[in-house]
Structure formats: C-alpha cells, structure tokens
Amino acid sequence: MRVILSGGGTGGHIYPALALAEVIKQHEPDAEFLYVGSERGVEANIVPKTGMAFKQLAVQGFSRSLSLHNIKTVQLFLKAVKVSKKIIKEFKPDVVIGTGGYVAGAVVYAAQRMNIPTVIHEQNSVAGVTNKFLARGATKIGVAFEVAKQQFPSEKVVLVGNPRAQQVAQLKSTFSWQTIGLRDDKATVLIFGGSQGAPAINLAVIDAIPEFNERSYQVVIVTGPKRYDNVLDLLRERNIEAADNIRILPYIDNMPNVLKQTDAIVSRAGATSIAEITALGIPSILIPSLHVTGDHQTKNAQSLVDVGAAINITESDLNGQSLIAAVDTLLLDENVSDKMAAQATKVGMPDAGERLYQLILQAMANKKD
C-alpha cells in the first residue's frame, strides 16, 4: 500500500495524519508513505523526525480582502497543483489523504484530477476552507464531530473521530508526577494553553495561585516556552509565591504520557485536545480561543458541554476566581468529576484511527469497482 499524506500549517492537521500512518503500519507493515507539506508550516520540523519521506510545496492562505496577496495565492496554488501531479506520478500512490491546511488543497486536488482515490479528514466541528473545497471531488470524507457531517455530501461522509485519540488511548504511560516533585496519590489538574501558550489563561492562573496554594489538590501549569519568563516576572512583581502543590513549567515534551496521569485538564478547545481528552475520559475545563476560523473552538467545546463532559469558560469570563471555581467543582466533588469522566469516555473514539483506515479501504475499493 502506497500512501501520500498531506496536511499542514498547524499541529492539528499534522498529528492526525501521523497517527493514521501508525494505524496503517499496524495493518500493513510494508506500507510506504510520502508526506507532502508546506514550506512555512510546522510540519517541516515535525515530519522528518519520524523518518517519513517528506516533500514541500510553496503555498499560502487567502487574505479576507481583495489584494495582490490573493492573486499570488492563486498563482502559488496552481503551481503547487502542477508540482503535486509530478510528485504523484513519481510516487504512484494507491490513495491520497488530506487532513487540512492549504497544502492539502493542492495535493488532494491534483490527485482528484488524476482520478486517484482521495480521502479527506475534518478534525473540527466547523469545516475548514480546504476541506470544503475538496469535498465535491473526494472519494470519502471522515469527520471527528457529528455536527460536521451536515457540512459535507451525505453519501460520502462518515463519523470516524480523530486518529490522535487512538494513538493516545493505546499509549502505555510510565510517567510519574514524582519526576517534577509532586505526589502520585493526589488529584492533579493540568493547565495548558497550547504549544505557544495562552496569555489569557496564564494571567488567570497568576491571579488564582494564592488560592491554589491553599488547596489539597496539585496544580501543574504549562505556560508555553515563549511566555514562561513573563509569567515568572509577573509573579515576582506581585510578590506571589507558588506553594509545594504547584509546579510551573514552560512546556511538556510528551503530553499524552502526562495526560494519562491527569485527573482534570484546563485547555483550549482545539481538535487535538478534544480528541485526547475524550479518548482518556478526562473531565475538562475548556477555554475556546477566539482567534480561529469560524469560531470552531467554541463549537468544539459546546459539543462536550452539551453531553456533560466539560465546563466551558469564555475568554471574557475568564479570571482567577472563575478558574478556581471550575477546578474546585471538578476536583473537590467526586460525583461531578466521575460523571464528567464517564460522559467524556462515551463521546471519545479510541478506535478512530481504525475507523478512518476502514474508510480508506472503502475509498480504494470504490476505485477498483
């Protein structure tokens, strides 16, 4: 089996593709992969480290206003399609899979023009621009949220979940809180604003630390590497010291390992976070980012709130007191946390990679028919 994967720009498009590749390898050890990414996206740093063959295309997104930028965007897209056709001709894939981002638009569109089976995967509750564009020509479409199905042709779309969920669920964690000086027998909340950190979350945490110091549970705060020094500076300016039950870290290398030992999480509501949280059945406090296309994080969060699997705090309502109140609700009331964990588990799809793999086989079978 020969597979071209394409997705780029953010980790939310890349990690599901890499997780899917792991599942395919489990079924087909001789499978060969080629990942086609963008020159500017983070995939250029992430994919080569996995040992997967990697090629780059020059693409860029559209501006909301009419401009010369958009003319160049179209020119780059057409050139990227031409280069993609050459790559496809040389690699001879059985299927081409797109997981979002502008680069996937060029690669999957080229494959569609060459009559090669294509599968696209939508991680969010609101379909992205690229996947909307590719939907008509796609052989099959997998989505991570039930609500996303209505945005695609009904005869093609299947609810499969996010392959990242299966990757996390299958992981055997050896992590201990003792490695950062905490105890394994105490309830622990992880507060994480994403790989770059979230200033709004960090500021709320700073306000909350004096009260967190008095709690029986443990608090692990991940600031983001670029914001770590700023958080420490603000704590010093305000004469706030963190007690022994609190740890402040710039980043965590292996988040899935840590999540398996976490009793509650405070995070943004990105697709990857939602997949991980539900796969592991972790009660969560979600603070959707306002700076995303189509406000999809709010809708992602609402999908968990609606089934009682999460608490949602809007950024405008986020402060030290609202954060403490929400964490107390999860970690000081076992009935609440147990119910939320059960509901998160119900909506989680720990076999998402397997579901998407089966959809890919269907797409390939359609071609043979």
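First residue shown is number 1, and so on along the chain.
Each residue, glycine too, has its Cβ placed from N, Cα and C.
Annotated in Swiss-Prot:
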type    : residues                                            : note
BINDING : Thr10, Gly11, Gly12, Asn124, Ser195, Ile252, Gln297 : UDP-N-acetyl-alpha-D-glucosamine binding site
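Sequence-distant contacts of Gly12 (UDP-N-acetyl-alpha-D-glucosamine binding site), defined as residues of its own chain at least six apart whose C-beta falls under 8 angstroms from its C-beta, comprise Gly100, Gln123, Asn124, Gly270, Ala271, Thr272. Under a cutoff of 8 A between CB atoms, and with a sequence separation of 6+ in the same chain, the neighbours of Thr10 (UDP-N-acetyl-alpha-D-glucosamine binding site) are Gly41, Val42, Gly101. Note on Asn124 (UDP-N-acetyl-alpha-D-glucosamine binding site): other Cβ atoms within 10 Å of its Cβ, all shown chains, come to 26.
For Gln297 (UDP-N-acetyl-alpha-D-glucosamine binding site), applying a Cβ distance below 8 Å and a minimum sequence separation of six or more within one chain yields Arg268, Ala269, Gly270, Pro288, Ser289. Between the farthest pair of Cα atoms in the UDP-N-acetyl-alpha-D-glucosamine binding residues (Thr10, Gly11, Gly12, Asn124, Ser195, Ile252, Gln297), the distance is 24 Å.
A 10 Å cutoff on Cβ-Cβ distances gives Gly11 (UDP-N-acetyl-alpha-D-glucosamine binding site) a total of 20 other Cβ atoms nearby, all chains included.
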